[in-house]
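*Asks:* Sharing a structure below in structure tokens format, with a few things to ask.
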Amino acid sequence: MLKIVTYNVNGIRQRITQFGSLLKLLDSLDADIICFQEIKATKQELTADLIMAQGYESFFSCTRTCGKGRTGYSGVATFCRVKSAFSSTEVALPVAAEEGFTGLLDTCGNESSGELFSDLECLKEFRKDDLLKIDSEGRCVITDHGHFVLFNVYGPRAAPEDEERIQFKANFFKIMQKRWELLQQEKRRIIVVGDLNIAPSAVDRCEPGPDFEKNEFRRWFRSLLVKNGGPFLDLFREKHPERADAYTCWPVHTGAEEFNFGSRIDHILASGVCLHHMQGNDDHNLAVCHVEECDIMTQFRRWKPGISLSWKGGRATKLEGSDHVPVFVTLKDIPDIQIHSTPPLSARYMPEIRGSQQTIVSILMKRQMTERVGAGTLTSPATQDEDDIDLIGRVEEASYSCSVSSTGLNTLSSSVVNSSEIEPSASKVSQDVATAGNRLTQSVPGVPKKKKVKQNQHSQLSLTSFFQKIPNTRENVEKSTKDASDDLESTVMSPDYVKETTETINKEGNFDESASSQEHNPPTDCCPENERKTAVMEWQRIQQRMQDSIPLCQGHREPCVARVVKKSGPNFGRRFYACARAEGPASNPETRCDFFRWAGSNSRQKK
């Protein structure tokens with residue numbers, strides 16, 4: 001059995017925090033291939049604890065764009081559970097991987113010549129910049145598993161009034177479909193998983209509106225299905241054609257999950273013949289012969305039966321987890337494939353995670369540093385603060401520079417330099433460290449400043465000089481402070497100082513003993529306790545007036561919740577009141593009613 005799971009995690013960091021670690025998150029899904037969408041992380045933010053887990057190979061595509069506040073907005077990741085990443089016959093371990101689907105990003109995530117796909121005649125209508133923009137949001141990772149090609153997709157969302165995003169979404173699906181058609185011409189089997197942001201039919205959406213069927217992307221999705229002449233099967237509907245209320249996503253800000261008021265937008269589609277190599281029989285396809293089960297993992301819902309919290313306009317309600325739930329498919333009778341190793345796109349080869357490979361240059365530099373330490377050329381003392389650690393880290397980086405080749409093999413560089421080329425660079429770094437090391441010594445009182453040793457062009461500090469102990473500066477500072485305090489106390493308590501001060505006060509006539517007495521002994525009729533009680537009562541009165549001004553909804557006669565219009569337009573920024581209950585079916589009297597009223601005054605207006 002081979003199990004594939006797709007899951008919009010709504011932030012991979014949040015899900016890892018929820019489960020305790022990445023490994024626990026992956027193990028909770030118990031699948032051979034796990035596809036995450038909306039990881040919300042840029043490549044610079046990826047760390048080992050976010051992308052590396054024992055027993056899994058991972059492949060990422062992160063957003064590269066910062067337009068419209070979309071930095072770190074999307075992103076997808078595919079995790080493959082394997083016994084070995086090298087010389088393996090496991091189907092879960094891909095033989096090849098690609099970031100994006102336009103062909104303009106090569107397997108290592110850099111811009112390529114795009115000769116594989118983007119230069120085809122079918123894409124001549126798109127400029128290269130338009131194609132690159134499609135892949136720049138990190139919405140697709142393709143992995144080739146021998147028997148099938150897996151697309152992990154996070155489809156764009158487009159508001160009805162946002163023409164730019166609607167066009168982007170149309171181009172996204174149009175280009176991806178052309179990539180599918182190219183693979184189908186090569187007789188490849190295709191599995192598409194992910195959050196496509198499309199509910200295909202009315203049964204997949206809670207109370208669809210009158211314009212539901214007019215949506216162009218909904219019509220496009222249905223055109224892909226076999227029953228409408230397309231090449232794909234919707235595996236969930238193939239197994240559960242009549243199931244209602246089978247949703248995978250719920251609105252976050254309306255509490256709709258309490259009444260299962262959502263939509264099914266997370267899908268698993270399959271195209272291609274079965275592995276039995278039987279010709280001329282339409283009943284033998286990938287879905288019919290190899291799909292054991294496909295279902296929604298409802299145990300991952302945030303709102304579970306018996307939960308005691310109620311929505312109440314979102315106040316005091318905090319549910320842990322994603323607003324999506326995973327969907328899985330299990331495939332049977334999938335044989336092993338030829339021996340192969342993990343592709344170069346694997347996260348194990350990312351320089352941010354693995355570091356770089358040590359070169360002969362760094363080995364020679366390390367040997368030269370060791371010889372100088374043994375010789376002990378200079379022993380100038382210095383201290384080490386946080387800035388010094390950074391500078392010493394620069395020496396270590398120069399000594400241990402490394403890189404990972406695109407093939408993932410650890411090969412040493414053959415470049416060699418002589419000691420005369422290394423010495424000036426090492427000398428400059430040592431001088432930087434020495435300058436930072438002496439900074440604290442020069443600024444602490446009580447520590448004598450040492451005369452700077454004049455060095456000739458070829459002299460250089462040794463590493464031992466940066467770690468020698470200096471006099472205890474803390475004791476010197478405390479001693480200096482204590483001496484200054486003793487001097488001040490002796491001055492103030494001296495009879496001459498008291499006499500001089502008294503004469504000055506009497507001469508200027510500004511010292512009033514009765515006024516000083518009043519300052520330290522306020523009148524008895526001014527009681528702080530009474531003032532505090534008065535303030536509390538006034539605040540309670542204001543709160544009561546605010547509460548009385550909130551209208552009651554007509555459906556439940558309960559206080560409404562105040563909201564603000566965030567949609568751009570003439571009403572942007574206006575406050576209004578609505579029912580505080582969670583959104584749900586209109587047939588359920590316990591759900592939110594249709595009460596609406598504008599607030600008496602406008603709040604912030606659009607600037």
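Yeah, the Cβs are placed from backbone N, Cα and C, and that goes for glycine too.
Pulled these from TrEMBL:
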ACT_SITE  Tyr154  active site
ACT_SITE  Asp195  active site, proton donor/acceptor
ACT_SITE  His324  active site, proton acceptor
BINDING   Asn8, Glu38, Asp195, Asn197, Asp323, His324  Mg(2+) binding site
DOMAIN    553-602  domain 'GRF-type'
SITE      Asn197  site 'Transition state stabilizer'
SITE      Asp266  site 'Important for catalytic activity'
SITE      His324  site 'Interaction with DNA substrate'
*Asks:* In the same chain, which residues outside the set Asn8, Glu38, Asp195, Asn197, Asp323, His324 have their CB within 8 A of the centroid of the CB atoms that define the Mg(2+) site?
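*Replies:* These residues sit around the Mg(2+) site: Asn10, Gln37, Tyr154, Thr248, Cys249, Ile265, Asp266, Ser322.
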*Asks:* Using only C-alpha positions, which one of Tyr154, Asp266, His324 is spatially nearest Asn8 (Mg(2+) binding site)? These are the recorded positions in the record.
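*Replies:* Nearest by Cα distance to Asn8 (Mg(2+) binding site): His324.
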*Asks:* Whole-number answer please: how many Å between the C-alpha atoms of Glu38 (Mg(2+) binding site) and His324 (active site, proton acceptor)?
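*Replies:* Counting only the Cα atoms, the answer is 11 Å.
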*Asks:* Looking only at Cβ atoms, how many others are within 10 Å of the one on Glu38 (Mg(2+) binding site)?
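*Replies:* Within a 10 Å radius of the Cβ of Glu38 (Mg(2+) binding site) lie 23 other Cβ atoms.
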*Asks:* In angstrom units, rounded to an integer, how far apart are the Cα atoms of His324 (active site, proton acceptor) and Asp266 (site 'Important for catalytic activity')?
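*Replies:* Asp266 (site 'Important for catalytic activity') has its Cα 8 Å from the Cα of His324 (active site, proton acceptor).
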*Asks:* For the binding-site residues listed here (Asn8, Asn197), tell me which residue's CB has the most neighbouring CB atoms inside 10 Å.
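*Replies:* The residue with the most neighbouring Cβ atoms within 10 Å is Asn8.
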*Asks:* Taking the Cα atoms as reference points, how far is Asp323 (Mg(2+) binding site) from Asp195 (active site, proton donor/acceptor) in Å?
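*Replies:* Distance between the two Cα atoms comes out at 12 Å.
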*Asks:* Per DSSP, what is the helix/strand/coil residue tally across the domain 'GRF-type' (553-602)?
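*Replies:* The breakdown for the domain 'GRF-type' (553-602) reads 0 helix, 12 strand, 38 coil.
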*Asks:* Counting only residues 6+ apart in the same chain, whose Cβ is under 8 Å from the Cβ of Tyr154 (active site)?
*Replies:* Asn8, Gln37, Glu38, Ser74, Gly75, Val76, Gly138, Arg139, Cys140, Gly194, Asp195
*Asks:* Do you know offhand how many angstrom separate Asp266 (site 'Important for catalytic activity') and Asn197 (Mg(2+) binding site) by C-alpha?
*Replies:* 7
*Asks:* Between Asp266, Asp323, which of the recorded positions has the fewest other CB atoms within 10 angstroms in the structure shown?
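*Replies:* Counting other Cβ atoms within 10 Å of each of the recorded positions Asp266, Asp323, the minimum falls on Asp323.
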*Asks:* Averaged over the domain 'GRF-type' (553-602), what pLDDT does the prediction give?
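*Replies:* Per the prediction, mean pLDDT sits at 82 for the domain 'GRF-type' (553-602).
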*Asks:* Give the residue from the active-site residues Asp195, His324 that has the most other Cβ atoms within 10 Å of its Cβ, counting over every protein chain displayed.
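*Replies:* Answer by Cβ density within 10 Å: Asp195.
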